[in-house]
Amino acid sequence: MAKITLDNLGHCYGGRPANRDDYQLKPMSHVWEDGAAYALLGPSGCGKSTLLNIISGLLIPSEGRVLFGEQDVTRAPTAKRNIAQVFQFPVVYDTMTVYDNLAFPLRNRRAAARYVDIRVKAVAEMIGLADRLDERAQGLTADAKQKISLGRGMVREDVSAILFDEPLTVIDPHMKWELRTQLKALHREFGHTMIYVTHDQTEALTFADKVVVMSDGEVVQVGAPAELFERPAHTFVGYFIGSPGMNVLDAEVEGSMAHVMGCALPLARRYGRLSGRVQIGVRPEFASVAETGPGLPVSVTRVEDVGRHRVVRATIGGVEVNAIAQEGQSVPENAEWLRFAPEAVNVYADGWLVEGEAA
Amino acid sequence: MEKTRNNRAWFMVLPVVALVAFSAVLPLMTVVNYSVQDTFGNNVFFWAGTEWFTQVLESERMHDALWRQFLFSAVILAIEVPLGVAVALCMPKKGFWASVCLVLMALPLLIPWNVVGTIWQVFGRVDIGLLGWTLANLGVDYNYTQNPLDAWITVVVMDVWHWTSLVVLLAYAGLQSIPQAYYQAARIDQASRWKVFRYIELPKMKGVLLIAVLLRFMDSFMIYTEPFVVTGGGPGTATTFLSIDLVKMALGQFDLGPAAAFSLMYFLVILLLSWVFYTVMTNSDKAGKGA
């Protein structure tokens, strides 16, 4: 086990990027702490699988270095890196039994038969396939097969990290929950570094200690689930995480006041001169509608009841905004004003969060 | 949904029944007809019962041809299937050269069978053929018209040249359908090249290889044109396979009765063997799934 360092890592499939937009993975530096559970979250095509394949050694980056501990493994083949990877679709060796499947990585490394036996039985116990070791892998269901893939990742005690590439995509919803819980338990018990790639925010937020959000080949924020929710570092994180996403409105910010479409909104912090496109972002959880001002004049289009709470959909100057009314909170019949809790208003310049000074 | 039962539906299949009757069943019946009758000419037929069947079954000539046929099919399967798989494994997976390889592979399959025969007939000739002449000049005593072993080698090599591509194309298609993740997982599991072949590629190719074996078996078991053009079944009867023998009997000697009995048995043998192949190979699949 070791911490994994990405040092000025970037990748461009063509090899020679003319500018920053040519990269599939824009140059970045990041440290994956030993023993932590990370989720790599982002929409399809944002470069998260590319990053994962660079870490696992299936892809050699066009620039920068990958370090496992203090050792440079940028060009080391997968087999030398001592990592395990679980893929989107279950990969099992059809003609082998469950036992042989789990023993395969150990036997290929010439482990002693006694040791193999002990490890296979221990892993089979963990993944709940102990009583099916003699069955052939071919006839198993998708989730049992994915458990085998997972087990093959766990069977080596010395792996540096276990990487998951959207491992629950093909699994039935009710099994997803079980497998994810199991993964979390395994992580707590054995403390492997785990990196879990997904485009599903629920999966990422429930699995990980730290979530790495990617967009367009770039890491936009690394943080605990609560941080991503409360202080999105980029407007992208704001609307990618949360349901519905963060309200983002163009604004002018002066001191501790924001002006949106001619209306003044108080801010909890004080800001200096901002350049570029200035926006404010507020989670719908911290927005509410009222019959009277102050606030922003909006027209409510509909109210959706989603069970635990209601989502108020409204527009202001053609921009859609949402507010969430918690259970028990009333939504006025002819609400025309949208209010934000000042301490929950974040200010963005060119998409990136601006830290204000305490007012 | 409740199933509707309506016997008028049978009328729907009537055209097909009629078509199959005229194209397959009736011609086959005339063969059955010949196989149980004898004639001394003038279209006068006598009931012969199972006489022709017994005669053919007991004839040394039939036994020899059958044995040769099995040997030939076994030899070409033993060469073409492993060779085809090996070539498919060596072919590039994508890009310009993959297309070039595919076209090259498809070429032999597009050549008419008697042309293939003619090509090799000329190719192997000691006086003007490139192969025969070269071998003769190298001091190799090669002559497919006189030496039975040379004739066999020529016919086998010709078949390998003509049909290995089919196995290659099928195996290649099977290989292409394997998701990349399998190879990546194998690398992470530190599997050797042999293990990748044994535990990933071979199992995934099993289905197409079954088809390849079946096709190549049936085709080689019925082979006629190419050896007929090259060797005419000779020297002596060295390369007289079942269908060559059958044609000799039916058209050369005009022994319609025995020839008819012969062809019926020939047909049944192919049917039986194909069924056995298919059942054995699909059953092993089911056993794997059921376990």
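The backbone N, Cα and C atoms fix where each Cβ goes, glycine too.
Here TrEMBL flags B:66-277 as domain 'ABC transmembrane type-1'.
Here the transmembrane segment (B:12-36) has long-range neighbours at 47-50, 52-53, 256-257, 259-261, 263-264, meaning same-chain residues at least 6 beyond its ends whose C-beta is under 8 angstroms from one of its own. Positions annotated as transmembrane segment by TrEMBL: B:12-36 (among others).
According to TrEMBL, the feature transmembrane segment maps to B:70-89 (among others). Within its own chain, the transmembrane segment (B:70-89) has Cβ neighbours under 8 Å at 105, 155-156, 159-160, 163-172, 174-175, 197, 201, 205, 209, 212-213, 216-217, 220-221, 223, 241, counting only residues six or more beyond its boundaries.
Per TrEMBL, the feature transmembrane segment maps to B:96-123 (among others).
TrEMBL lists B:151-175 (among others) with the feature transmembrane segment.
According to TrEMBL, the feature transmembrane segment maps to B:196-218 (among others). Sequence-distant neighbours of the transmembrane segment (B:196-218) (same chain, 6+ residues past either end, Cβ-Cβ under 8 Å): 73, 76-77, 80-81, 84-85, 89, 163, 166-167, 170-171, 173-175, 177-178, 182-183, 186, 270, 273-274, 277-278, 281-282, 285.
According to TrEMBL, the feature transmembrane segment maps to B:259-280 (among others). Proximity of distant same-chain residues to the transmembrane segment (B:259-280), defined by a Cβ-Cβ separation under 8 Å and at least 6 residues beyond the stretch ends, is recorded for 31-35, 52-53, 55-57, 62, 66, 210, 213-214, 217-218, 221-222, 242-243, 245-246, 249-250.
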